[in-house]
Each structure stands twice: as C-alpha cells, then as structure tokens.
Amino acid sequence: MDVIVARNRAELAEARRALGAHGGISRGTAELALVPTMGALHEGHRSLMRLARERADHVAVSVFVNPLQFGPNEDFSRYPRTFDADLEVCAAEGVSLVFAPSADDMYLPDRQVGVSAGRMGTVAEGTFRPGHLDGVLTVVLKLFNLVRPDVAVFGQKDAQQLAMIRRMVADLDVPVAVVGGPTVREADGLALSSRNRYLSDDDRRAALSLSRALFAGAERRTPAEIRGAAREVLDGEPAVSLDYLILVDPATFEEVGDDHVGEAILAVAAKVSSTRLIDNVTVTL
Ligand code: AMP
C-alpha cells in the first residue's frame, strides 16, 4: 500500500478511516504505532520505524517541527526541512501514514492549555532549555490524541524526553504503550542527529569527543570515576563548549550520589560552533 500523506487534521481523520477500513484499526483488530519526528529523517528514525513495525500492523510517522519546543534564540527557523526525502524514507520502511501538519493546523491562535513537565522538566535539559520539555509533552499528547496510536516509539538518544513521556503517560493515564529504541551511531561513535548536517568537518571531529567522553566514562565503576573520565575527554577538546555533563537517575534526571546502585544515565550536552548536540549512555553502578 502507498503511504497516505495527511497535511492537516481533516486529512488525518480521513486517512485513519481509510486505514480502519483496510487495516481494522478503528475496529480494534489491528494496532497502530506512531513514531513522532521533526523530519530530516536519518537511520536513527528508521530504526524506530522498524521497531514500530515489529509492534503493530500499521506505522504512522509524524513530521512536525514543533515551534513550542524551541526557545527564542534556538534553531527553529533554520531546522532542516526535507519533506520529499522524508516521504521516500517512510515509503521504503513500509510506513502506512505520514502526518505532517502545519503549525497553524496544530495550534489554535488562542490556545492556553499545555502540559507541564513538572520538576523533571526543570533539571538537565530543562536548565538550559526552559519550557522545552513542556513544549515536547504538549505536542506529543496532541499527536497521541489526533493519531490515536496503540504504541508510540521514541529514541533513547533523547533520554530525558523519553523518561518524561513515560512519566506523562503514567501520571495522566494516557492509553498508549511507550517503547524506547537504542541510539543509532555512526561507525566512529557519533550519535546520528538531524543537526549533524550543520557540522563542518572540523566541527564533526570536535563533536566526536561527546561520544568518546561517554564511552570513557562508561568503562569506569564509581560515579566519581565515571564523571572524571568523561570530563577529561571533553576538557581536551577546546572547540566543545559544554552545557552539562551529568550522571543522573534515569527516573528523575537528578544527579546520583556516590552510593547509587543500579542504572544511571551519563548525559552530555554541548555546543560545537553554533550547533547544540546531546548524547547519553546508560551505565550500571
Ligand atoms: P527528532 O526528529 O530529532 O525529534 O527525533 C525523533 C525521534 O527520533 C525521537 O524519539 C528521537 O529520540 C529519535 N532519534 C533521534 N536520533 C536518534 C538516534 N541517533 N538513534 C535513535 N533514535 C533517534
């Protein structure tokens, strides 16, 4: 079946009816999995589409650069928009439905109500991007309500986002099963990101120190050693301007103490030239 493209909520409702008729979605006999994205699709997104296909009869991909999750000095206007190529990727991955609304179609001009990320929205990424996680949760809940998937798939690459979405689903009784997919990396370790296309050759070399730092940290045993080993790598790369390097509890994103046992997330955010990159690995203490 060809990919159905829905450019607004009316077309989405129509597309859902078509899938319901052919695929049984609206009768509850088939399952729909959603992969929310901002487009500029790469192998990381493709891995999530494949996970989605394992979990459901039909896969929907949303392509929406959400203005609500960008700060005033961030890259909303220059964020890469490559819709034709994105559609080809979705077709190649057997996606049934692509939902690509405009901002005007998503947000009412007089909108007031949004999701508050709570305390976890104010730590780590939230310290450097105030309101970002509120914007993410608001759009994700809207996408869930519009597309009405049974399953939604997100990448561990955005670990705090994934944790917050799990929190929202639990706290607000959202009837969607959340699935996390592992981070896809280049052969040299750089985590794939739509923003990597901003990087010059020199930037890219510098950006590699993020994953090198995480891997160096992950080889150590104690929180102090893990933080120290990762920081040493980043300190050796002057072209990297660090926002944070943290070792946090996966459930709260608060820094772990020296007595922490179990999993922790070693996460980094930094600017290379004007490009802000994030990455993380899970370590077991
Ligand atoms: P984005 O288009 O950057 O908003 O990302 C859409 C989804 O793809 C999110 O759930 C991301 O966590 C996920 N994603 C982004 N980069 C990667 C990657 N390198 N590996 C796996 N998933 C990723």
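Any Cβ shown, glycine's included, is placed from N, Cα and C.
Listed in TrEMBL:
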- His45: active site, proton donor (ACT_SITE)
- 38-45, 155-158, Val184, 192-195: ATP binding site (BINDING)
- Gln69, Gln161: (R)-pantoate binding site (BINDING)
- Gln69: beta-alanine binding site (BINDING)
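Locations of recorded TrEMBL features on the structure.
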| residue | record | Cβ contacts under 8 Å, 6 or more apart |
| --- | --- | --- |
| Met38 | ATP binding site | Val63, Phe64, Val65, Asn66, Tyr79, Ser194 |
| Leu41 | ATP binding site | Val63, Thr82, Ala85, Asp86, Val89, Cys90, Ser194 |
| Gly44 | ATP binding site | Gly155, Lys157, Thr183, Val184, Ala191, Leu192, Ser193 |
| His45 | active site, proton donor | Val35, Thr37, Val61, Val89 |
| Gln69 | (R)-pantoate binding site | His132, Leu133, Gly135, Val136, Val139 |
| Gln156 | ATP binding site | Leu162, Gly180, Gly181, Pro182, Thr183, Asn280, Thr282 |
| Gln161 | (R)-pantoate binding site | Glu125, Leu133, Val136, Phe154 |
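Mapped onto three states, the DSSP output places His45 (active site, proton donor) in helix. Contact annotation for recorded positions (Leu41, Gly44, His45, Gln69) versus ligand 1: Gly44, His45, each with CB under 6 Å from a ligand atom. The DSSP secondary structure for Gln161 ((R)-pantoate binding site) is helix. There are 19 other Cβ atoms within 10 Å of the Cβ belonging to Ser194 (ATP binding site). DSSP assigns Ser194 (ATP binding site) to a helical segment in the three-state reduction. DSSP gives Gln69 ((R)-pantoate binding site) a helix state.
Taking the Cβ of Val184 (ATP binding site) as centre and 10 Å as the limit, one finds 18 other Cβ atoms among all the protein chains shown.
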